[in-house]
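Chemist: Mind having a look at this structure? Questions to follow.
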Amino acid sequence: MSSTGDLSPGSDSFWEPGNYKRTVKRVDDGHRLCNDLMSCFQERAKIEKNYAVQLSDWAKRWRNTVERGPQYGTLEKAWHAFMSAAERLSELHLELKDHLISEDSEKVRLWQKDSYHKQLMGGFKETKDAQDGFHKAQKPWVEVSKKSYHQARKEEWSASNRETHAKADPSKSQEEVRKFTTRVEKCAQESEKAKERYTKALEELNRCNPRYMEDMETVFELTQESERTRLRNTHGPGMTMNWPQFEEWSPDLSRSISRKERGRNSEENVVTLTNIVSSGDAPAKSRPDTPHRVKEDSSDWSDDESPKKALAVNGVHEQVAGVHVKALYDYTGQEADELSFKAGEQLLKLGEEDEQGWCKGQLSGGQIGLYPANYVQVVNS
């Protein structure tokens, strides 16, 4: 690297020699992670299948028991419904198992097959290409020159020490001392040559720094290409598009919203309970029935669920016999056809509770509308 860089020795920077191995390892890790993910899917699918089979066997065994049992009526119906729910749940878990095996695992397997290609000598072609590309860009001969220079300096230092000891040893002859001196001179020359090679290598590397960084980045981008392609095809412009097609108008698609459909969104109409009155309070006096006309509001009713009106021969609404009830809580109507009342107020119940929990009633002032059935109780006469 450049001698003017600010990287300290031992830095884990991507640009340091040898640190590209982390990027190369990522290629192999991707293949291993695909195997781990498919194994995870397969184990989960096995669990789902076992649970579905056990649940189905359990439902079948108990259904036979129920069919031979003495129970009848609502208990028998509820028991069979309980078994049916278990069988449906078993089907859902089998569907999940099929999705994990035939769709999710298959997608991962196909992507792995397209992204990794094995070599005859072992390993993957993608890994070798990345390894060779980085190795070529790193110019390892710079590191070799440094090691050669350091080794030459070490030998020169050792030869110099031996010469010093030989000169201080009176038992050594002049010939032996001269050999040590010659060895020191030779090591010094080799050290100087190694230094020149090392210096030139660094100078050349410094001149090639822009090219070095460009080559390293090019190889890195090649390793990123497979991931970029995957993201493009699964989360980007490579995804398929279901373009809008002409659709013919159908009267079934334009029917008005019925109260049953509107009841599914009842969570949005929050009702606050206030002034709760105990059911043990003395009932108020009954009031005579009051003739009335049914309030019509066609915008809130579908054709098949409009309120039924009892008509006399002369076309006037008949007075419908009702039951006196008392409000347990305050209620404020959320729609135009709903009643509003206070806790303790008496109403006239004009019909039975429907499947959505609503009743038709009349206020003391003559207004007719709907109210929640569980907000009132019958007044004992």
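Glycine too: its Cβ is placed from the backbone N, Cα and C atoms.
From TrEMBL, for reference:
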DOMAIN    7-282  domain 'F-BAR'
REGION    153-177  region 'Disordered'
REGION    257-307  region 'Disordered'
COMPBIAS  258-267  compositional bias 'Basic and acidic residues'
COMPBIAS  268-278  compositional bias 'Polar residues'
COMPBIAS  284-298  compositional bias 'Basic and acidic residues'
DOMAIN    320-381  domain 'SH3'
Chemist: As a quick check of your reading of DSSP, tell me how many residues in the region 'Disordered' (153-177) are helical, how many are strand and how many are coil.
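Modeler: Helix/strand/coil tally for the region 'Disordered' (153-177): 20 helix, 0 strand, 5 coil.
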Chemist: Against which stretches of its own chain does the region 'Disordered' (153-177) lie, if we need a Cβ under 8 Å and a gap of at least six residues from its ends?
Modeler: 183-184, 186-188, 190-191, 194
Chemist: Which whole number is the mean pLDDT over the domain 'F-BAR' (7-282)?
Modeler: 77
Chemist: Using DSSP, break the domain 'SH3' (320-381) down into helix, strand and coil residues and give each count.
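Modeler: For that range the per-state counts are 3 helix, 25 strand, 34 coil.
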